[in-house]
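Notes for the one structure printed next.
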Amino acid sequence: MTERRGGTWGWIALAGAVGALAAVLVMATVFAGSRAAASLGDQRARATLRAAVADGSILETRGFVPLIRSSGRWAVAVHRHDCLIFTAVLAAYPDATSATLRTARLGPAAAPLDPRVPENPDCQALGQALDPAGPQPAMAYYDRYPMAQRPIAQVLLTFVPIRTVTTVLGWTTFLSFVAVALVAAVRHTWSLAAAALAFALFSGTWHFGAMLYFAPLDLAHAAFLGFAVMATGERPRLAAFAVAGALYGAVIGAFEMLTGGIPVALALIAMATALASPSRPQDWGRRLAVTAVAFCVALAGVFAVKLVAVSFATGTNLFVEHAPALMHRLRGDIAPELSPVVAERMRAVLGIDLAAAARDPVQGPLVLAAIYGYWSGLIGWGSPIIGCLVVVVGFGLLVTVSLRAFPSPTASLRLVTVLRACWLALAVQIAWVLVFWNHALLHGFFMARLLVVPVLCGAVAAVEALRDRRGAGSVLP
């Protein structure tokens with residue numbers, strides 16, 4: 001089927017089919033990987049984790065300034081989130097089917113705080129699991145997410161010390177964006193080069209990319225930007241965008257735990273599809289539709305395959321079982337998801353009751369702005385002031401270029417298309433926060449990474465405006 005014969009709706013239907021196929025294939029790979037990793041046993045992984053506790057590497061901190069390991073009070077324990085994955089590796093699965101299909105986590109027993117590990121519950125549970133003489137954590141299944149990180153973690157912990165894993169992951173993730181930027185520059189796709197470089201510098205990649213929890217998502221973003229660079233040409237095939245979108249969605253779904261990977265991916269899809277074909281910007285709508293449909297079908301399919309497989313194996317309807325957890329992340333009472341530690345810190349720092357603020361239509365947005373203003377430090381190299389300034393500059397560039405381009409008869413069709421894509425990318429972030437309101441309030445530490453989107457948009461808009469100077473007019477002062 002050619003692009004001309006198939007028509008837009010035909011290609012959208014094909015994209016959906018490709019997305020469904022990608023979801024099945026990726027989850028089959030995850031299940032097979034889990035089965036193979038389980039055959040390794042957990043003794044060597046347990047020994048690696050005990051060594052990390054003994055030598056203090058489990059407490060390793062990492063800052064947000066690229067290429068610098070620590071940055072004062074903004075150096076955060078890099079394994080706080082990885083402890084969830086580590087406990088999934090150590091959990092005692094009752095049989096091979098459970099080890100293949102299911103994901104467990106450990107909850108800490110009531111005990112004094114263990115200073116040898118980070119203070120969050122997952123790390124405290126890890127410390128207890130490694131000490132057979134002390135109180136033991138309780139195992140519970142956590143099947144709402146595919147958590148493809150588990151088999152990867154089991155293999156790595158079997159053969160590699162934790163400090164090495166952190167170092168290699170951090171450098172690999174950061175340099176993947178730098179490599180995409182360099183290739184884009186060589187190919188003279190300057191806007192994509194700017195986007196990749198901005199992502200490397202202003203999304204906290206140096207910190208988050210060192211974690212098993214986040215690194216696979218960031219690597220998927222880099223890979224998709226790399227695809228966009230290579231797809232730039234006279235007539236990139238819609239089939240290529242369908243396959244890329246499907247693989248992107250399936251990989252994001254396999255590793256995502258509502259950490260912001262989905263809205264950032266949708267933003268990159270909007271921008272990359274507009275930038276990938278310099279001479280045919282009028283085809284953006286078709287490329288966007290095909291890529292987005294393939295992405296969304298694959299993303300939803302991954303979660304569906306996980307839940308259906310476990311439901312079939314256990315005889316339990318996991319869709320019904322996990323629906324309340326999803327609802328708590330949307331609207332309503334935030335208390336079931338609000339830990340006492342977080343609630344107390346919010347009262348101490350901001351003097352507010354977060355549970356009450358979440359339901360207040362006036363106080364809620366103000367609290368959200370305060371939380372994200374503070375955590376903008378993760379994209380501002382450890383400084384909320386720099387973080388807010390970077391966001392304001394990025395957004396200001398987008399607004400300035402847009403105000404000059406949209407009414408201008410000399411602005412190129414390409415520039416207008418790219419600007420529309422950027423505004424769509426921003427709209428997706430706003431919509432995501434509004435839909436997942438409680439989740440956005442609770443998890444500002446990593447959800448503040450969404451603030452990189454206006455930075456990316458500003459960088460792309462500025463480069464495209466400079467490019468437009470070569471045409472009949474200029475949209476920059």
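FYI, residue positions are counted from 1 along the chain as it appears here.
Placed from the backbone N, Cα and C atoms, the Cβ positions cover glycine too.
Features as listed in TrEMBL:
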type     : residues : note
TRANSMEM : 12-34    : transmembrane segment
TRANSMEM : 168-186  : transmembrane segment
TRANSMEM : 192-217  : transmembrane segment
TRANSMEM : 289-313  : transmembrane segment
TRANSMEM : 384-406  : transmembrane segment
TRANSMEM : 418-440  : transmembrane segment
TRANSMEM : 446-466  : transmembrane segment
**Report entry** Touch test for the transmembrane segment (12-34) and the transmembrane segment (192-217), at least 3 Cβ pairs under 8 Å
**Finding:** no
Query - Range from 168-186, 192-217, 384-406, 418-440 with the greatest count of C-beta pairs under 8 A to the transmembrane segment (446-466) - result: 384-406
Query - Contact set, same chain, for the transmembrane segment (384-406): CB under 8 Å, 6 or more residues outside the stretch - result: 202, 373-378, 415-416, 419, 422-423, 426, 451, 454-459, 461-462, 464-465, 468, 475-476
